[in-house]
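Notes for the one structure printed next.
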Amino acid sequence: MPALTFSVDTALAALTVSVWDTSLPSPHPTNGNGNGHWTPSHSNSLYNIDGWGLPYFSVNSSGNVTVRPHGNQTMAHQEIDLLKVVKKVSDSKCNGGLNLHLPVIIRFPDVLKNRLECLQTAFNYAVKSLSYSSYYQGVYPVKCNQDRFLVEDIVKFGSGFGFGLEAGSKPELLLAMSCLCKGSAESLLICNGFKDIEYVSLALIARKLSMNSVIVLEQEEELDKVIDVSVKLGVRPVVGVRAKLRTKHSGHFGSTSGEKGKFGLTTTQIVRVVRKLEQCGMLDCLQLLHFHIGSQIPSTALLADGVGEAAQIYCELVRLGASMKVIDIGGGLGIDYDGSKSADSDVSVGYSLEEYALAVVQAVKFVCDRNSVNHPVICSESGRALVSHHSVLIFEAVSSSKYTVPTMSSFDVQRFVEQLLEDAHSDYNNLSQSAVRGDYEACLAYVDKLKQRCVEKFKDGSLDIEQLAATDGLCDFVAKEIGASDPISTYHVNLSVFTSVPDFWGIEQLFPIVPIHRLDECPTRRGILSDLTCDSDGKIDKFIGGESSLPLHELEGENGTKYYLGMFLGGAYEEALGGVHNLFGGPSVVRVSQSDGPFGFAVTSAVPGPSCSDVLRSMQHEPEIMFQTLKHRIEEYVHDDGNMDGAMIADGIAQSFHNTPYLTVGSSCCLTAVNSNNGYYYCSDEDFTAGADAVTGDDDPWSYVCA
């Protein structure tokens, strides 16, 4: 028996190396009863669901993730089982489902309502407890997520306390104006962003339509436009200024704030604006001060510092004669993506909603009292904190891959040695001797050297592919035996990272990702997630908690069991930023409301994701012409042969234009008739009795692609 075989069988067999990450629980934990049964509570701890998910997400006794739509006020029977929602969404119509393909975004308007109410309640409590003489009135920055139903929900849910909207572009301003027609007349319409004459005109028209619009000057030269257009339209404007504060926080989300920030006016420019308004007899129009420290403000200490600086500017504007009424603290209210409650992380914050509100109100009150200035209305533009929790992205793992290290007998090793070229024998002998000595560091070094030498020999033609494969097998076998092999699997998911999780790719933003079921089972593998795109960046290999892999379960696809994963807290920015990389469009979207019916929820709207034709058209292609070109090609080259005729091929291509760009897992060939995905189902939030058969849609291909 060769020396290496002896070393592997004897020396290395005595080495005990665990490939299970020591930061995770043992694969066979012991519960409180002293046995080794894995329970949902173990999964809850493993994925830190209570850390980032409370009060909206938990795990039930069946091992499924549930949504608690009313937060802490959710009763047990009101919890919504995510797996049941996915089944309702993805099942065929004949089985009572909606026949939508994954990935899918599931929105929970009840969660959105609860978030908005919690924000308002936190500020109301701070105002009352600190004897603040004014009040809080927030706005939602529509750039976070411009979805129609979401924005309309915010206006509806917030109308009772004058909750408004913030716009940063002309389309967003048109959107906000339209939605606020159904809101409170007191709701603020904050007009931010760079402005041309048309933007200013729209903002002034909104005021003429009895909307409470405020034009916030981002650049000094915008004031001339506001003055000129207001005179022409005969509308008295309400103006705000955005100040560049000295206060800023470190990290990615604070890089756009401070004196070098993209937006805002310096103190010198603010003084010039005040003087110009005074000269025009319009100083009374200046009523709002706006600033923005940065998103995901990490601590209340930093927050109070910035608010205090802005409050002093506010008081100075009052001293200069402006009719100040509102201090707009901008965005920055963070959320805890990883559940660590850390002030030293871009994905966490070291405070609660209540602590944030208290810090703001206290800082404004202190400065205003010091300057004997009336307390202003406090406005915030909290987008991320409002909408992040309300939606969940669900996608499916369709396969997994992990390199299987071959087993090698003494005969295999002997045959390998006999085939080695002479100058590679020394590397093998050094490897063998290191294994016998138990010097595993040297062992790995000689493994690399042997592999590299054989690769060079393969390149110059001295080694054939079978010999190279045998070398790889031996080296991987040795690495496995000494515990140095990589145990990480790659899970292939039916998703585009660029489309649905662009912040992960662009700025390495982390989101909680968790299997939404099988949490009563112990995950036995660790994996990274690889998407469908033909791009090496199309993967998720960083997870909350500083992990480079995610605990996952073995796939059971051969038994027809699907494996669903959920990405949480992604309701802000991801949809607006996503593109069509590799021509994968956005996911399907459904809205789910809590219901007291037998299933505990109702799907109130469902919109399929874009078809292949839709995404082609978005890049200026013309699917109608494309199909006609292919059809003519079929007529020219395809002749009936008894197996597949031209008409069948044309029908199949027509259907492919019509189908989803994502994988239709488990579906039949595209050349057979399958249900289309262009159905649209909508009912009012009150109509919880609508069944799946209410979903309408033409199951035939579009007329222009009929062969």
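Heads up, residue numbers simply count up from 1 along the chain you see.
Using N, Cα and C of the backbone, Cβ positions are placed for all residues, glycine too.
What TrEMBL says about this protein:
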- 1-18: signal peptide (SIGNAL)
- 135-388: domain 'Orn/DAP/Arg decarboxylase 2 N-terminal' (DOMAIN)
- K143: N6-(pyridoxal phosphate)lysine (MOD_RES)
- C534: active site, proton donor (ACT_SITE)
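In this structure, the C-alpha atom of C534 (active site, proton donor) lies 29 angstrom from that of the residue listed as 'N6-(pyridoxal phosphate)lysine'. All chains included, 8 other C-beta atoms sit within 10 angstroms of the C-beta of C534 (active site, proton donor). The predicted model assigns the domain 'Orn/DAP/Arg decarboxylase 2 N-terminal' (135-388) a mean pLDDT of 93.
Around the Cβ of the residue listed as 'N6-(pyridoxal phosphate)lysine', a 10 Å sphere holds 20 further Cβ atoms from the protein chains shown.
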